[in-house]
Amino acid sequence: MARPKIALIGAGQIGGTLAHLAAIKELGDVVLFDIAEGTPQGKALDIAQSGPSEGFDAVMKGANSYEDIAGADVCIVTAGVPRKPGMSRDDLIGINLKVMKSVGEGIKAHAPNAFVICITNPLDAMVWALQQFSGLPPEKVVGMAGVLDSARFRHFLSVEFNVSMRDVTAFVLGGHGDTMVPLVRYSTVAGIPLPDLVQMGWTSQEKLDQIVQRTRDGGAEIVGLLKTGSAYYAPATSAIEMAEAYLKDQKRLLPCAAWVDGAFGLDGMYVGVPTIIGAGGIEKVVDIKLNADEQAMFDKSVDAVKGLVAACKGIEPSLA
């Protein structure tokens, strides 16, 4: 039985990290694609030469033609311009929309049966555009956002409580931006909800509110520190977690930017929600109940995503 084929579209910092992680986890053979000649080939060769020490046999290939992604089981899209200090994810919309058109057409022509994970920002609008341009079924095109935002939330909580992050569960709803909704009520430490931990004196409501805000600002904090780009280790591990759930039919409950039609009162749009990922792609959207405050924050986030989608339609007439 042949190993799965994983196509990584974009050979920048995230793309290179994805390739290395996919190899170490032996998820399949990897094609690293980029329009810059030499970059994907050089990174693929470098990663392949780590195989003898790491102990993996995955085949690494660098490519500049979409023909090389033919038959891919998974495509992870990182192509596009990253954020610089002072930029919001939304500032990237005009530039990266053109990239999504090219990528979508490439996937449609050469890997129409793939499970596609989009990482390019502004995430919720770009994954919608990518699905439109590729024509793939909505359950097979998804955005990596919630896994990353939830990982940041979990990290901050584990530091605050001085417990293993393996015992912290948390997830984040809504768009991948300033309006994201870290759900305190549904987040726990070893099954104990965060509001109960406040009552137990483990932390204060003020500190919890600060952690929620720091989660919202998580990407911008790293952009500000790096000054020359944006995060790549945590985004890559988050996308690999999603790819592994699909390739191994793990039925993982993971928050991500998925097509929602009916759940949460929405009538067809991409936004961050809890989902189950298995061999069918997005197999289920988990329609959790929100209280009035959570619903208000979620509605605000949904409106922000709708604004981005409207902007895309204004830029690219074929999407209108």
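Glycine is treated like the rest: Cβ placed from N, Cα and C.
Within Asp29, Asp34, Asp90, the residue that Swiss-Prot lists together with Gly10, Ala11, Gly12, Gln13, Ile14, Gly15, Asn96, Ile119, Thr120, Asn121 for binding NAD(+) is Asp34. The recorded positions Arg83, Arg152, His176 differ in how many other CB atoms lie within 10 Å of their CB, and the one with the most is His176. Under a cutoff of 8 A between CB atoms, and with a sequence separation of 6+ in the same chain, the neighbours of Ile119 (NAD(+) binding site) are Ile14, Ile76, Val77, Thr78, Gly143, Met144, Pro235, Ala239. Ranking the binding-site residues Gly12, Asp34, Arg83, Asn121, Arg152 by the distance of their Cα atoms from the Cα of His176 (active site, proton acceptor) places Asn121 first. Reported as a whole number, the C-alpha separation between Arg83 (substrate binding site) and Gly10 (NAD(+) binding site) equals 15 Å.
Minimal Cβ crowding within 10 Å, among the binding-site residues Gly10, Gly12, is found at Gly12.
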